[in-house]
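Chemist: The structure that follows is given in the form of structure tokens.
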Amino acid sequence: MNKKINKIGVMTSGGDAPGMNAAIRSVVRTCAYHNIECVGIYRGYEGMMEGDFKTLTARSVNHIIHTGGTVLKSARSEEFRTIEGRKKAHSYLIKENIDALVLIGGDGTFTGGLIFNEEFNFPVMGIPGTIDNDIFGTNFTIGYDTAINTVVEAIDKIRDTASSHKRLFFVEVMGRDVGHIALNAGVGAGAEEILIPEEDLGLDRLVESLKRSKASGKSSSIVVVAEGDKIGKNVFELKDYIDENMPEYDVRVTVLGHIQRGGSPTCFDRVLASRMGVKAVESLLDGKSNYMVGILDNKIELTALEKAVKGKTEINLELLRVSDIMTT
Ligand code: F6P
């Protein structure tokens with residue numbers, strides 16, 4: 001029989017994402033609702049290995065639902081990859097009488113949680129928080145909606161100056177391995193071309209597309225490039241190529257970078273985070289472990305953590321086609 005859960009630890013780890021605070025708030029308040037204790041673990045696995053803990057009550061999380069970043073701070077930990085590091089973390093959890101963990105983060109966070117569970121049989125539950133939307137088992141990760149809205153707002157502004165000067169802009173957006181941000185924000189901002197890691201269009205097709213665009217009467221263009229796009233080494237190399245091969249274009253580059261990770265979460269992310277936090281705590285109280293909470297067809301569902309880590313999200317092919325048609 002599973003040990004009764006009286007105290008839950010919650011932490012955020014990996015790249016922060018808007019809406020993480022709303023998720024923390026939800027976890028803390030769901031614990032309070034069920035009369036169990038909640039402990040905040042600071043700086044992800046780094047803080048877990050140092051016993052950097054603080055008891056959180058329902059009132060500790062007042063007025064954070066609308067804030068970006070994470071009040072628990074975050075980190076990417078090398079030491080937790082070692083058994084010595086994980087043993088240290090485990091001993092602090094035992095000392096603090098923590099019975100289960102809610103891990104808010106991405107696949108690195110969940111991989112750490114899986115290993116930890118395997119080694120110490122410690123109950124863990126994941127909540128997907130990353131702007132990349134690259135986690136299997138959920139249609140949306142917390143932070144993604146805010147990030148694409150930030151990108152669209154930025155591109156709208158770039159469009160003003162691009163069209164005033166008749167320029168071509170390469171706009172690099174985040175997404176090391178996936179093109180969800182690029183594709184969705186690109187369609188939303190009316191980009192002329194979208195370059196994503198999942199589809200290697202090649203330089204020739206890009207040049208062809210830009211030529212067609214010019215011939216059709218467009219005087220300025222926006223090309224959205226995902227960080228992990230495979231054409232060229234980086235966005236500056238793309239600019240150099242176009243400078244050399246299409247001198248008729250006046251090219252500029254904007255790298256949106258970490259502004260995509262900040263800001264007040266959208267209503268969608270706040271609601272998603274609130275729903276996921278409730279499900280995470282109640283699933284642990286039901287004796288479940290080693291799952292990730294996700295949203296599938298607008299229902300909050302559990303997916304085995306291992307599947308969430310190993311599975312690959314797929315790019316929306318219909319959206320890719322819409323994008324192609326829109327570039328006519
Ligand atoms: O995983 C989220 C993410 O924002 C990626 O899109 C990006 O490639 C990476 O984190 C940047 O990480 P860091 O903040 O460590 O530079």
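Cβ coordinates come from backbone N, Cα and C, glycine included.
Just so it is clear, the model here is predicted, and its values are computed rather than measured.
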Chemist: The ADP site in TrEMBL includes Arg25, Ser26, Val27, Val28, Arg29, Gly190, Ala191, Glu192, Lys218, Ser219, Ser220. Which of Arg159, Arg176, Arg261 is also listed there?
Modeler: Arg159
Chemist: May I ask you to find which of Gly9, Gly15, Gly175, Gly179 TrEMBL records for the ATP site already listed with Arg76, Ser77, Gly106, Asp107, Gly108, Thr109?
Modeler: Gly15
Chemist: Which whole number is the mean pLDDT over the domain 'Phosphofructokinase' (7-283)?
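Modeler: Reported value for the domain 'Phosphofructokinase' (7-283) is a mean pLDDT of 96.
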Chemist: Do any of the binding-site residues Arg25, Arg29, Thr130, Met174, Arg176, Ile259 touch ligand 1, in the sense that the CB is under 6 Å from one of its atoms?
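Modeler: Only Thr130, Met174, Arg176 meet the Cβ criterion.
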Chemist: Helix, strand or coil by DSSP: which one applies to Thr130 (substrate binding site)?
Modeler: coil
Chemist: Quick one: Cα separation, Gly190 (ADP binding site) versus Arg252 (substrate binding site), in Å?
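Modeler: It is 18 Å, counting Cα to Cα.
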Chemist: If you measure every Cα to Cα pair among Arg25, Ser26, Val27, Val28, Arg29, Arg159, Gly190, Ala191, Glu192, Lys218, Ser219, Ser220, the residues listed for ADP, what is the largest value in Å?
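Modeler: Taking every pair among Arg25, Ser26, Val27, Val28, Arg29, Arg159, Gly190, Ala191, Glu192, Lys218, Ser219, Ser220, the longest Cα gap is 53 Å.
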